[in-house]
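According to TrEMBL, the ATP binding site annotation covers Gly625, Pro626, Asn627, Met628, Ala629, Gly630, Lys631, Ser632. The domain 'DNA mismatch repair proteins mutS family' feature in TrEMBL is assigned to 699-715.
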Amino acid sequence: MGKLTPMMQQYMDIKNKNKDSVLFFRLGDFYEMFFEDAITASKELEITLTGRECGQKEKAPMCGVPYHSADGYIAKLVSKGYKVAICEQVEDAQEAKGIVKRDIVRIVTPGTITDSKMLDEKDNNYLASAYLSEKGMGISYVDITTGELYTTEKRNVDFNLIRNSMVDELAKIKPREVIVNKYLYDTRIVKDIEDKFNSTVNEYHEWIYNTNESKKVIKNHFKVLNLEGYGLGDSDYSIKSTGALLQYLEETQKTSLKHINNISQYSIDNFMILDINTRRNLEITETIRDKTKKGSLLWVLDKTATSMGARMLKKWIEQPLLNKSLINERLNGIESLINNLILMGDIKENLKEIYDIERLMGRISYGSSNARDMIALKNSINVLPQVRELLIESNCDYFKKLATNIDLLPDIYELINKSIVDDPPISIKDGGIIKKGYNDSLDELITASTEGKKWLSQLETTEKSRTGIKSLKVGFNKVFGYYIEVTKSNLNLVPDNYTRKQTLSNSERYITPELKEMESKILGAEEKSTILEYKLFNEIRDLIRVEIERIQNTARIISNIDALNSLAQVAYKNNYIRPNINDKGIIEIKNGRHPVVEKVLDGDMFIPNNTLLDKESNRLNVITGPNMAGKSTYMRQVAIINLMAQIGSFVPAEYANISLVDRIFTRVGASDDLSQGQSTFMVEMSEVANILNNSSSDSLVILDEIGRGTSTYDGLSIAWAVIEYIGDKNNIGAKTLFSTHYHELTELEGSLDGVKNYKITVKEDGEDIIFLRKVVRGEADKSYGIEVANLAGVPSQVISRAKMILKELEKSDINYQDIDKELIVHEEVALDSNSLTASEENQIDMFNFKKQEIIEMIKDIELINITPLQSMNILNDLINKTKEI
């Protein structure tokens, strides 16, 4: 095997240090990839695979992309989960002795994207770091485009609770990329993260998860001596996850990230917990079917004017509050805006003029901003005085508090206003971005260049007159510089002081000593001015970078104002009302509406409904009614109204008294998880187990059709037992909406404390049914399954046959409405504290009626009067009945 060429050896040395990345190796105007990277990139990017001499027997596989269009290719690789290491020339090729020095300037990963074309402007792009041990967990996450860094931890509790807390928190964050310690990487949680959140997960250096090592990294980043100021004094799990996160950023970004200047530590217990099933079932930020924003709660509530406000509103929706005073603070702000529509409109119009300051500051910190970003920042700052004045004039203490914290940033405005031209070019290396009067040396260079060009324009007129060549032109190109062009028909008029420079098909190009001298002055001045402008721009950017924290604080206030104004606009337009927030366990809603369904209907009548849940006699509502009648919509509606109230939003109802709930659980619908080897019923039972094990008396539980995935009697048994357990104050006593087709469960009202029956009303019109979609007290007397099948378009022959079969079954089936009331025990159900099984003497026995029926059949037999054939038939019936027990 031959020796690699020097350039290829340089490539291999760099690649060996970045084996987990696709290496974009800068060669002139291209990024080249070699060997395995070339094979991978050519396939994933659908570009041609070629070869290059490398000093060995066979050519090295090679492919490449132009550097000026590399962002799109990088984005494609990163979207597929690859890391991309960007290797640039780090010295001038003209000054290099031998091979030009190259080095990695940045590693682009799914969680460290900064290119705006690769990002959703209304969504954060989080990189997360997760640490797990048997005793606790820590999660830290950052959006490097905005500088936001958050951390939380859970420790000294049951491991299952720790694990569930981690998964629930990651479901909220939805990070694009997660780095984890070895212990966590070896668990099934990683598979859940990859599959359910579509995140890239990588195991990270084990050494960094040492508390002391992590502390060093954090203190070094923030330039502090201790971590008490960030609330991390004894938060070992947060320290480990944060230290790993910052170390990873240092390794991949290769630059100072001064815009990440604070750590926001929070407690999971300060927010309502929404697990991944609840987020999906309630379609909080995206729909189940299409995974799109349209059709979600966020779609209804987002009328923000800025990208910053949209991201803030999404955060609010994803983490409802448990603090009553904070909720009322937001509600006060919304109420003041609804009471002053002019103020609401003026705020929105001013906010429209504000750019995405958070991400502008990210680019400034990275050193990737251009002069147009500076003008965007200046124009945004220009609006701040009007916004602050509007807030001060409001009658809302919350807005006035926000107003006093807005920094008008006059020094930043003045710096940009006096230094950057109003309409600068995109490039910062080609000049034309610094205002006249900002720098004397630059002004002199620009003047020299301008006067030189004026001399050139006069030269053309002078030479035409002197030579008599009317078609004479003075021109310029980058190869030959300035020249005088004469057509071949006038070559006889060319004076002796012209020196031929270039021959074209129809003309000749000349220079003169005077022209060459002026060219040197002009080009020298332009080159110097361009270099100076670039230097001055970087100095201006550095001055702004020092003030990043001030600018970020103001940006966050603007985000809060925008999010509140959005909620106020939606509340006013859709006739929402202010909910009363209580901590007494009462959820009372009058004429509540589903915000998304109501919007989708767009003018069609949405049927509102009432709800009453509390901790006493209305803990659990059993809801019956046919499919398509609106049971699921109604239950989701109650959950969403509660969630909206706890983010501090007005709600779609005529009246709402909303209790703070610590969690919302939903078990809605059924879907096989075949990839995990789990059937519909197994998935259903796993979700039910999660609810029973983690809900509390302060939780809101939505259970839709529990027990459908198995046989009728098994399903009914499980549904019955779940109601008993979750409704019992000695066990859980959670506020629960429980829809079912098992009409037998309606017998529980009056038998179990706190259970109430509700039904969806239906009107029969001959053979047809009309869904009235009104929830009222009572139980449905029919399931209307065949009628629903008819509405769904099932062939008439099948419908007719189904009706015949139903009649036969109704003749032979047991009438559950005739269950002996004496068989239902009215005492409180006593459950063993270590088991879901009820004590037999107190448990409701729903099968006694079958035994009783067999006994009655035997009693009715008259042995003297029956024939042998009849006795055989009776015996057969008895055997069949016993099999049903």
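Including glycine, each Cβ sits where the backbone N, Cα and C put it.
Structural mapping of features recorded in TrEMBL.
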residue	record	Cβ neighbours (10 Å)
Gly625	ATP binding site	27
Pro626	ATP binding site	22
Asn627	ATP binding site	19
Met628	ATP binding site	17
Ala629	ATP binding site	25
Gly630	ATP binding site	23
Lys631	ATP binding site	25
Ser632	ATP binding site	19
For the ATP site built from Gly625, Pro626, Asn627, Met628, Ala629, Gly630, Lys631, Ser632, further residues of that chain with CB within 8 A of the site's CB center: Ser739, Ile760, Phe771
Secondary structure content of the domain 'DNA mismatch repair proteins mutS family' (699-715), with strand meaning DSSP E or B: 4 helix, 5 strand, 8 coil
Confidence summary (mean pLDDT) of the domain 'DNA mismatch repair proteins mutS family' (699-715): 83
